[in-house]
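Feature annotation from Swiss-Prot assigns Mn(2+) 2 binding site to ASP13, SER63, ASP442, HIS443; the stated evidence is sequence analysis. Look at Swiss-Prot and you will find SER63 tagged as active site, phosphoserine intermediate. Under the heading substrate binding site, Swiss-Prot lists HIS124, ARG154, ASP155, ARG186, ARG192, ARG262, ALA263, ASP264, ARG265, LYS334. Residues or ranges marked as Mn(2+) 1 binding site in Swiss-Prot (evidence: sequence analysis): ASP401, HIS405, HIS461.
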Amino acid sequence: MSAKKPLALVILDGYGYREDTASNAIANAKTPVMDALIANQPNTLISASGMDVGLPDGQMGNSEVGHTNIGAGRVVYQDLTRITKSILDGEFQQTAALVEAIDTAVKAEKAVHIMGLMSPGGVHSHEDHILAAVEMAAERGAEKIYLHCFLDGRDTPPRSAEGSLQRFQDLFAKLGKGRVASLVGRYYAMDRDNNWDRVQVAYDLLTQAKADFTYDSAVAGLAAAYERGENDEFVKATEIKAEGQESAAMQDGDAVIFMNYRADRARQITRTFVADFAGFERAVFPAVNFVMLTQYAADIPLAIAFPPASLENTYGEWLSKQGQTQLRISETEKYAHVTFFFNGGVETEFAGEERQLVASPKVATYDLQPEMSSTELTEKMVAAIKSGKYDTIICNYPNADMVGHTGVYEAAEKAIEALDASVGQVVEAIKEVGGQLLITADHGNAEMMVDPETGGIHTAHTSLPVPLIYVGDKAVEFKEGGKLSDLAPTMLSLAGLEIPAEMTGQVLVK
């Protein structure tokens, strides 16, 4: 076996590009290696945030999303954007599980219940999605549409539900049918720590209209809760029912659509609608057609509107199918990112894939050791390059991100300087064996250590672009306008390998 000349991808976590040098630890640190690479090697900037990585417009990237997009070689839409996009494209309105549940209820003259976290928070749900579901039920002929509102106050200000409730009261008035039928704080409906006494409050409200209070409008019910000193999150079970209106308790044959997309706080209340349940004694158990917006747990036997999108032929899987060898290497802090997330949420190693883990230092905060374990990581990385064993090596250096998160500017500069020395050794090793190297980042962080708006410490990620640098013997010229999902196709192209059809990213080399 002749020694392999590896293609390496080095991900400098949290290493973004910002023109302004104020509080920019990357621009102000002494970085002779990176300076020389940018002066002499093919390089460009690529996008690592917002819709380019499947997040909402303008939202900063993060390590999980970044590595998923890099490894997938296509934009991987997060649930929020996937569902928003489906509504705009008209696909949501044709989703089989939703159509079937609504149409079955309409045919039998039964009710359609829509429930979920009623807020624009975008963490567990989005009220725009709930609005689309109400409109869809009305368009498909449902006469009885009951909206059960779980109130937020955690991902939104503590008393901010009124605007959302007013919006839906207005919508029902416009539709001429349906109503907000109940209110309860997420503290009850969305518990995730097996506090079944709380969940039972929500279950009894939904299935029996059993409530501490009844008001004739949602806004009035909320105002009364505020009078009692309850913020949105803690609003007690409240039935919304005017004089002469019938009860909105769930009945046999009704459709129930749960519009939360994040699983962790949706599981428990959903399990109360499954026959096999031991959390508490259910006074009633209506036989409803229940639809989960996404899969809340693999063992919940209910319909799913948006099943998990499995990622076929990610970079790692594709290399494995070509009989190639690959190494994933990082410190503890980012080990899951170069393995699990890079492989599209697959925990097991592919054939030909090896993993090396370097322990991150045991310090309270990384500003106390900004170089982290970069010396040991680099020794292992250089040895791997020179070993001749690997076709591809994926490596993540966590320093710029983990030290950036501390908000300590001097430490961030030291972290960048330690990184620069490490990159220098990796570049030398690659040149020595005649390999190829791409240097990039998954998102920004250390390039902005002070918030320019407030003047306060900035510890979060940024939505700025990240560098892409090539080192190797090919005459490479980069295209402009690239994004993280273009890296896998570009690497396959540099390695002379075929690109699978599932990878919709573009090759960034002209």
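Glycine is no exception: its Cβ is also placed from the backbone N, Cα and C atoms.
Since this is a predicted model, take the numbers as computed values, not measurements.
Of all Cβ atoms in the shown protein chains, 31 besides its own fall within 10 Å of the Cβ of ASP442 (Mn(2+) 2 binding site). Close to ASP401 (Mn(2+) 1 binding site) in the fold, though at least 6 residues off in sequence, lie ASP13, GLY14, TYR15, SER63, LYS334, HIS443, ASN445, ALA446, HIS461, each with a CB less than 8 Å from its CB.
Cβ-based crowding with a 10 Å cutoff singles out HIS443 as the top-ranked of the binding-site residues ARG192, HIS443. Residues near ARG265 (substrate binding site) in space but far in sequence (CB under 8 A, at least 6 apart, same chain), listed by position: HIS124, ARG186, MET190, ASP191, ARG192. Cα spacing between ALA263 (substrate binding site) and ASP442 (Mn(2+) 2 binding site): 25 Å, rounded to the nearest whole number. Spanning the listed substrate site, residues HIS124, ARG154, ASP155, ARG186, ARG192, ARG262, ALA263, ASP264, ARG265, LYS334 have a farthest Cα to Cα distance of 32 Å. A separation of roughly 21 Å, to the nearest angstrom, links the Cα atoms of ASP155 (substrate binding site) and HIS405 (Mn(2+) 1 binding site). Cβ neighbour density within 10 Å is lowest for HIS405 among the binding-site residues HIS124, HIS405. Taking the Cα atom of each, HIS405 (Mn(2+) 1 binding site) and ASP442 (Mn(2+) 2 binding site) are about 15 angstrom apart.
Residues ASP401, HIS405, HIS461 make up the record's Mn(2+) 1 site, and a Cβ search at 8 Å around their centroid adds ASP13, GLY14, SER63, ALA400, MET402, GLY404, HIS443, ASN445, ALA446, THR459, ALA460 from the same chain.
Considering other CB atoms within 10 Å as the measure, the emptiest surroundings among the binding-site residues ASP13, ASP155 are those of ASP155.
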